[in-house]
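> Submitted below is the structure of interest, expressed as structure tokens.
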Amino acid sequence: MVYRGFGLDQVSPPENKPFDQLSPEEQGEKGAQMMVEFMTSCPGKAAISGVTGFALGGVFGLFMASMAYDTPLHTPAPTNAPGLPNKVKELADLPLKQQIKIQFSDMGKRSYSSAKNFGYIGMIYSGVECVVESLRAKNDIYNGVAAGCLTGGGLAYKSGPQAALVGCAGFAAFSTAIDLYMRNENKKPPKDDFDE
């Protein structure tokens, strides 16, 4: 096996020797080769998507939770917060320190919940898409459609067949729209309007 591109045609991967018998350069090359192999495998892609989805979901959840407090006078007080008297109807009736404590606690919970959901969906979708692509041995838009349908249907199957069908259609449509947008740069360039 020889690496392709970027002038690496002359570089071969290290021989199959025990790791401790390799030179430092060969150890680095072997480590890089192992990382690339992991990152291009289906479990690796699923793990990377899960971690990335968790991080982005946390940021998104934190942002959305912070937007929930844009009108503090009309924000109802949480009913299950410990130490709150029953007569408190709105968050603005509480002392400032308690308001801040409740808001940060709520933002943390919402952020973590959103992070878990995004990570879970990203991991499942990416893993299913990789498996579908491996089974079909093609890289086209239908992999994303099938993965979206299987992911959406799989996530909603506990709610019944109608919900699974709606989840399948919704995820497949969203995946198709994203894939069409991302593959847009592979199209034929537009006609030159100076020739007309």
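For all residues, glycine too, the Cβ spot is worked out from N, Cα and C.
Swiss-Prot lists CYS42-CYS130, CYS149-CYS168 with the feature disulfide bond, giving similarity to another entry as the kind of evidence. Per Swiss-Prot, the feature region 'Disordered' maps to 1-27. As annotated by Swiss-Prot, transmembrane segment applies to 47-67, 141-157, 162-182, with the evidence given as sequence analysis.
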> Which residues, given as numbers and ranges, are at least 6 beyond the ends of the transmembrane segment (141-157) yet have a Cβ under 8 Å from it?
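For the transmembrane segment (141-157), the nonlocal Cβ contacts are 121, 124-125, 128-129, 132-133, 163-176, 178-180, 183.
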> Have a look around CYS130 (disulfide bond) and count the other CB atoms within 10 A of its CB, chains all included.
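Result for CYS130 (disulfide bond): 20 neighbouring Cβ atoms inside 10 Å.
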> Between CYS130 (disulfide bond) and CYS168 (disulfide bond), how many Å separate their Cα atoms?
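That comes out at 18 Å between the alpha carbons.
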> Near the transmembrane segment (162-182), which residues from the same chain, at least 6 beyond its ends, have a CB less than 8 A from one of its CBs?
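Long-range Cβ neighbours of the transmembrane segment (162-182): 125, 141, 144-156.
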> Is it possible to get the count of other C-beta atoms within 10 angstroms of the C-beta of CYS42 (disulfide bond)?
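I count 16 other Cβ atoms within 10 Å of it.
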> What Cα-Cα separation, expressed in whole Å, is found between CYS42 (disulfide bond) and CYS149 (disulfide bond)?
18
> May I ask which residues of the same chain, at least 6 positions away in sequence, place their Cβ under 8 angstroms from the Cβ of CYS149 (disulfide bond)?
CYS168, ALA169, PHE171, ALA172
> Taking the Cβ of CYS168 (disulfide bond) as the centre, count every other Cβ atom within 10 Å, in any protein chain shown.
21
> Using DSSP reduced to three states, classify CYS130 (disulfide bond) as helix, strand or coil.
helix
